Amino acid sequence: MSAITHTEPHRPSRFRAFIGRAFSRPSFAIGFTIIAFSIALALFPQVFAPYDPLAFDMTAIQQAPSVAHPFGTDNFGRDVLSRVIWAYRVDMQMALFATIFALTIGVTVGAFVGYYGGIADTIFGRCVDAIITFPFLVLVIAIVAVLGPGLINMYIAITIVNWVYYARLTRAEIMTQKSSDYAAAGRVLGYSDRRIIFRHLLPNAMSPIIVYWMTDMALAILLGSSLGYLGLGAQPPAAEWGVLISEGRNFLLTAWWMSLMPGLAIVLTGLGFSLLGDALADLLRPKGR
Amino acid sequence: MPSISYLLARLLQIIPTFLLVMVFIFLLVRMLPGDPAIAMAEAKATDAQVEQIRHNLGLDRPLPVQFVIFVKNTVTGDLGRSIMLKAPVTEVILDRLPTTIFLALYSVVLAVFLAGPLAFLAAVRVNSATDVVIRSVFQIGLSMPVFYIGLVLLTVLAAQLRWFPVGGYGTGFLDNLHHLILPALSVALYTSAIILRNLRASLIEVLDADYVQFARSKGLSTRIIMTRHVLRNALVSTVTLLGLSIGNLMSGTLVTETVFAIPGVGRLMLEAIFARDYPLIQGLTLTFAVLVSVVFLLTDIVQSLLDPRLRKA
Amino acid sequence: MVNDKPETVLELRHLRTEFGSREYPLVAVDDISFEVNAGEILGLVGESGSGKSITLRSILGIVRPRGRVAGEILWKGRDLAALDEAALRKVRGREIAMIFQEPMSSLNPLLTVGLQISENLVAHTGLDAKARRARATELLDMVGIPGARDRLGDYPHEFSGGMRQRVMIAIALASNPQLLLADEPTTALDVTIQDQILRLIQSLSRDLGMAVILVTHDMGVVAQTCDRVAVMYGGRLCEVGTTSQVIADARHPYALGLLRSIPRDVAPRTPLYSIPGAPPALNALPPGCAFSARCPVAGPECLDLRPPFETVGQFHKVACHHRFEALAHFNQQEAAQ
């Protein structure tokens, strides 16, 4: 009985303390708000978008930003703000899908080569050296070139390149965790390697990986919208920020808002993820002790 | 001075990495659905021409043999013929490469001049208002894709204010500097955000280091402490960072060349992709890898010049 | 002790160093007063965080600009606390030199040892390059580095830990300072090397007539090396006296506790005494005596009233309200064992 009364209030209070500490940092509070809002926009664009993003309005072609159309209208009279809001769906999806598979694969591979070392580790090291010899974007678009443009192929291409970065990070973390006392204790107790890796080492190695993941989602949005702009990612008529910017490119002189307004969404979301990443890096850093 | 044996050892290290790079590129084209020979040939090529390509690539032979042929061709500088430009790939690339290298160097110089002084200012007054403003501005810069920075600069400085040309490439050094300022600035703004972040952190660390305290206790002048003890040590990590961000820089020039219509290898890569010019894509991918390797090598040499601890092979 | 008044070279009067904002300052060192006589070795003892290092760095003014120094630092009659950077630079390295705790991180890894010596000579002497080289060789020789002439071109990482500490001493001594501030110079070294470095400092002090302030947390080092001792706790001074006075006849409960924590003439397996509790955080110091929270004989007034320094013997001063109780308490404890 007393054990329950003792531990019950302890856990939530520690979690609450962490949340309290997190939100007392402006970078976390701002980043969290931006990302929460972005997710809401991605899930319920119809609630937030003032107009139908696809409705042509020939009476309101290329109108400059105004109260009625805060981001202006495009060459078909569509409301740019509404198109930007609907594009949250694709771009937030990019942040997730361009990173989550790379994370899963990379962490698994990194954990195994880090734990076992040996020949697998040597081969892994060589592969990493070779892959980082290509500029990230060049390798991704070369793979897209072979697979063909489109969102799914873009995710595949990014994952093929990106897992290496997660694997490298995980490997380094596991290597340092491996020599710790609790890993040795696990071995003495006769736990299986898999149990030691996934139950003991990996949870302790996760903090830097999560921090990197946040930053990487910001990078994924930059990369995905760049590919969209170049015509290799999301394909028109899909609303995606890079695609929207690309569509406005020919109207920079007459209707600059068509290109420049969608970019604000990229900057804001990217900022949200990187602020969150920075704040988490500070919060999760082990205290010197 | 780094020893000859150090340099040789470093050069030898490149070989296995580069073989693997070639394996990737080799497999990349073979990932193509269908017959690579047809993919590598012009659309209206005759059967005999396709057969010729098939023979050149050794497609009628086992994969390892094909790879050896590929390596042999590459080493001798034979990267095949570009389909869309109807010219040897090597020739086409060498023709466009100087523009890209110029743009990349220009960007690096701008980025360093932009980030260096500001990082110093921010580091000397950590957490002051100056520091916070500088960091915030660059945090936003870090969230801007290069193509968007380019478009903003293009709209505001070239199209509206008409300060700079909207694109293209000049003739002669000064004209190039003038023509390429916006594209270089687009890449530089993004790169400088990365440099600033790291340089500020390493400057803060160095300013607090024991050897700087010791140098102060020796009664050295501020100028000597700053140049000989602080900057020199911060430079080591900055050079490392610059070297490591060469990939970023290349990705950035690829995008910026497209935005500003600059005839470099980056734009060529995109043109090749849309034209499905696989020999050219293959050759360009290899070129980028070579560029990055050369920069990695140079970085290591400069580092060993700066830091005596790294001079042992 | 032949003359009743040896020549004083450095005198601190109510030294106070604080960091952070002016509204909520973090006081690292407060009301430190002691003097250093020509040619003597003064030990400055205390736990980590007691303000020993900050005291040394305040003397040279290298806590600036982040730290603010108040009080007087009288160096041969001149107040260093009132000098500006430019004037201080002429004192640093030339008249007062300093060596640091970590020989690994205190030498610039990118510069040759020869350059790190000669930049000191450039700043403080008019020697030409050739003379600087000769002087650098002489210095390395003096601190006991074998093959000194051939090692000027070597980098710090090419020396062992003990050798690096010797190099640091050589650099510090380049311009013949009259006072050496040594900040735990042996803490990072092996015990055998520690002993060599202490002997080196001792013999240099004797041969060059140079005064030394030796910061340490090790009472053994003090007993072996120092002429006089000042004990610090929580950024304040609690006891000052000659080494024999403080070691054999300590009066402050903290000094007594510190001495009890080193084993002397005890039977094997006797548990070591340790002062209960942990050193206070700088922002949580009481207005009264800093040690009151851990003191076995503290009374109610100790928390609010700062004990004044009282002379208990020639050269021997203690800051404690209850020094007789303290003595009785610790004698009793000793008897009980």
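Note: Cβ is positioned from N, Cα and C throughout, glycine not excepted.
These features come from TrEMBL:
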TRANSMEM  B:7-29  transmembrane segment
DOMAIN    B:97-299  domain 'ABC transmembrane type-1'
TRANSMEM  B:101-124  transmembrane segment
TRANSMEM  B:136-157  transmembrane segment
TRANSMEM  B:177-196  transmembrane segment
TRANSMEM  B:230-250  transmembrane segment
TRANSMEM  B:280-302  transmembrane segment
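Here the transmembrane segment (B:177-196) sits against the transmembrane segment (B:101-124); at least 3 CB pairs are under 8 Å, leaving out pairs fewer than 6 apart in sequence. The recorded stretches the transmembrane segment (B:230-250) and the transmembrane segment (B:280-302) share 3+ CB pairs below 8 A when only pairs 6 or more apart in sequence are counted, and are therefore in contact.
Just going by CB pairs under 8 A, the stretch in B:7-29, B:101-124, B:136-157 that sits most against the transmembrane segment (B:280-302) is B:7-29. Remote same-chain partners of the transmembrane segment (B:136-157), defined as residues 6 or more beyond its termini with a Cβ less than 8 Å from a stretch Cβ, comprise 115, 118, 163-164, 166-167, 182-183, 185-187, 189-190, 192-194, 196-197, 251-252, 255-256, 258-260.
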